[in-house]
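The structure appears below as structure tokens.
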Amino acid sequence: DCQLQDRGEISAVVGQDETTANLDVKDIPVNFTKRLTDQNVMEHKNAKFTCETSVEDVEVDWFVKGEQVKESQKYSIYEDGVTHMLVIHDVLIGDSAQVTARVSQFESTAYLYVKAQPVEFTRTLEDQSVAENTTASFTCEVSKPANVQWFVSEVEVTQGSKYEIDMKGLSHSLT
């Protein structure tokens, strides 16, 4: 296989006779054979952007929000032959952005869409059995800060003379 360094004059000699020719090895144009695709990722997960180039072992530059990124805690860059990958670790809502891979004069662009983790109960309500004219207290915990609405027999209740609603961190209670 001819390489760029093989360019030059080629000659063959037999006795006193000689023949020559020039070898011109042209650069293979580098472009993308597989482009980036949009990624929809849940927050706190990793986003992976993959592309392929027409030539092995070429350097691909990566850009997020128009700024070039390098290997760091937030970004990992991988290259294996024609395959190139950017991994964005532990994505947050604010990481939603345009991601671009650039090789030579060619670019491939896709979008990172980060979806919020839904709020879930990490500790659920427990049944209570109390005597009339005594107090009942219900407590639950959620996976991240959120407003919890309280209902009694499907009617929303709010803080007032009959109900006390409290929140401490991720713990919510109705008394």
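Including glycine, each Cβ sits where the backbone N, Cα and C put it.
All TrEMBL annotations are machine predictions without curation.
Residues annotated as domain 'Ig-like' in TrEMBL: 29-158.
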Provide the three-state DSSP residue tally for the domain 'Ig-like' (29-158): helix first, then strand, then coil.
3 helix, 64 strand, 63 coil
Segment confidence, the domain 'Ig-like' (29-158), expressed as mean pLDDT
95
